[in-house]
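Q: Pasting the feature list from TrEMBL:
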{"type": "TRANSMEM", "residues": "12-31", "note": "transmembrane segment"}
{"type": "DOMAIN", "residues": "12-270", "note": "domain 'Amino acid transporter transmembrane'"}
{"type": "TRANSMEM", "residues": "38-59", "note": "transmembrane segment"}
{"type": "TRANSMEM", "residues": "79-98", "note": "transmembrane segment"}
{"type": "TRANSMEM", "residues": "110-134", "note": "transmembrane segment"}
{"type": "TRANSMEM", "residues": "140-159", "note": "transmembrane segment"}
{"type": "TRANSMEM", "residues": "192-209", "note": "transmembrane segment"}
{"type": "TRANSMEM", "residues": "215-239", "note": "transmembrane segment"}
{"type": "TRANSMEM", "residues": "251-271", "note": "transmembrane segment"}
Amino acid sequence: MYSLLGNMLASSASQYMLIAAAIMIPTVWLPDLSALSFLGVFGVTATTTVVASVLYTLVTGNFTAGALTHSALPATLPLVFGIMTFCYSGHGVFPAIQASMKEPQLFPKVLNVAFFLVAFLCTFIAAAGYYMYGAGAADIVIFNLPTLLATACSCLVLINPVAKFALTMEPVAAAANVAAGAGRPLTGLPRLAVRTALSLAILMAARSLPFLAHLMALVGSFMTISVSVTLPALCHLILLKGKLGTAKVLWNWFVVLLGVTCTVAGTTASMRSLAAKASAVAVGAA
């Protein structure tokens, strides 16, 4: 918001955070996830528009050809893999989403389609952005687009946090709600108070935590890969011990090995990157 609007509404990024919090916190007061469906429509619309804008720029050739690219950058691959994995870290909200559906038995199909679409769109954006802009690609590729498209897409992207905030926070809020009620879910004003307190804590963390991309890589490498890759394969092996064929057993062990390797490499790279950033800031302050 600060990059887009400058001093139009506030004089600093921190003040824009307060404005964003004032917009997003009321979404956590909604009674259930089904009430968030209308926000989800806006989020999907924003994502679709961004993808269409990148596709339009690619097809029309409205970019400078011959950007510097590399077949691979092994030194930064573990860090990037952690950031990429962070995109798939929404597993905690799956039970709540399934419970809010009118036809929960369709959830596995919905999940498969959703993951396929996310993988396809992320791959397209990454490939198209790198092809058009190469090493000059911005952290958020829409900033490389022609000015009009970049401005429109940036405004639309702001909708996504508003649409997803309450959904992402739902598992933590539900657990805190039960804990605060000594085993019984709170209702009414106590429920709103717990959710508001959690939202304010998130605001304080957002204002104080530096190097967000590197922290995302650390979370993605250390936690997301463990929860979404390594542990499911291990649980599958343990729960169905003696019932799986040789091919499935080998596949599960391959997934476990892949997960452990990516976790170690990604976590190490993220920690080193964070240490280097912190050291640079300390030197600059001195």
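FYI, residue positions are counted from 1 along the chain as it appears here.
Cβ coordinates come from backbone N, Cα and C, glycine included.
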Q: Sequence gap of 6 or more, Cβ distance under 8 Å, 3 or more pairs: do the transmembrane segment (110-134) and the transmembrane segment (38-59) meet that?
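A: Contact between the transmembrane segment (110-134) and the transmembrane segment (38-59): present.
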Q: Between the stretches 12-31, 79-98, 215-239, 251-271, which one has more Cβ pairs under 8 Å with the transmembrane segment (192-209) than any other?
A: 12-31
Q: Test of understanding: applying the rule of at least three C-beta pairs under 8 Å (pairs 6 or more apart in sequence), is the transmembrane segment (12-31) touching the transmembrane segment (140-159)?
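A: With fewer than 3 qualifying Cβ pairs, these stretches do not touch.
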Q: In the same chain, who gets a Cβ under 8 Å from the transmembrane segment (251-271) while lying at least 6 residues past its ends?
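A: Sequence-remote neighbours of the transmembrane segment (251-271) are 76, 78-79, 81-82, 85, 214-215, 217-218, 220-222, 225-226, 229-230, 233-234, 236-237, 244.
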Q: Per the 3+ Cβ pairs under 8 Å rule, pairs at least 6 apart in sequence, do the transmembrane segment (79-98) and the transmembrane segment (38-59) touch?
A: no
Q: What residues in the same chain, six or more past the boundaries of the transmembrane segment (38-59), come closer than 8 Å to it by Cβ-Cβ distance?
A: 27, 121, 124-125, 128-129, 131-132, 141-142, 145-146, 149, 152-153, 156-157, 159-160, 162-164, 166-167
